[in-house]
């Protein structure tokens with residue numbers, strides 16, 4: 001897993017365990033538990049690059065739906081409601097996508 005080199009395996013496991021139930025994903029709690037919010041700007045940029053699977057420079061709704069699977073292939077997909085809430089929280093400029101600056105703001109927030 002590309003994020004395993006940046007984040008501690010135990011932190012990833014704990015963060016994923018906290019949101020196994022549908023509608024239990026809370027991005028702020030997840031970023032803190034997984035240790036991403038304490039990482040450097042470079043590490044956050046690397047994480048963005050992994051999550052931006054099509055390398056468009058933006059994280060779109062479909063990529064957010066599969067967000068947890070970037071941390072573990074066996075993780076669940078986010079529900080439609082979780083995905084929409086996640087996008088709304090990160091999409092500061094209202095273009096329907098999350099850019100690197102928006103992602104960094106969301107992670108550090």
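Indices start at 1 and increase along the chain as displayed.
Backbone N, Cα and C atoms are what each Cβ position is placed from, and that goes for glycine too.
Bear in mind that TrEMBL entries carry predicted annotations, made automatically and left uncurated.
Summarising the annotation, TrEMBL assigns Ca(2+) 1 binding site to 52, 54, 56, 58, 63. Counting only same-chain residues at least 6 apart in sequence, none has a Cβ under 8 Å from the Cβ of residue 56 (Ca(2+) 1 binding site).
According to TrEMBL, the Ca(2+) 2 binding site annotation covers 91, 93, 95, 102.
Look at TrEMBL and you will find 39-74 (among others) tagged as domain 'EF-hand'.
Taken from TrEMBL, the feature domain 'EF-hand' covers 78-109 (among others).
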Chain-internal residues, separated by at least six, CB under 8 A from residue 54 (Ca(2+) 1 binding site):
60, 63
Starting from the Cβ centroid of 91, 93, 95, 102, the recorded Ca(2+) 2 site, name every other residue in that chain with its Cβ within 8 Å, sequence order please.
90, 92, 94, 96, 97, 98, 99
Averaged across the domain 'EF-hand' (39-74), what pLDDT does the model get? Just tell me the whole number, please.
96
When a 10 Å sphere is centred on the Cβ of residue 52 (Ca(2+) 1 binding site), how many other Cβ atoms does it contain?
20
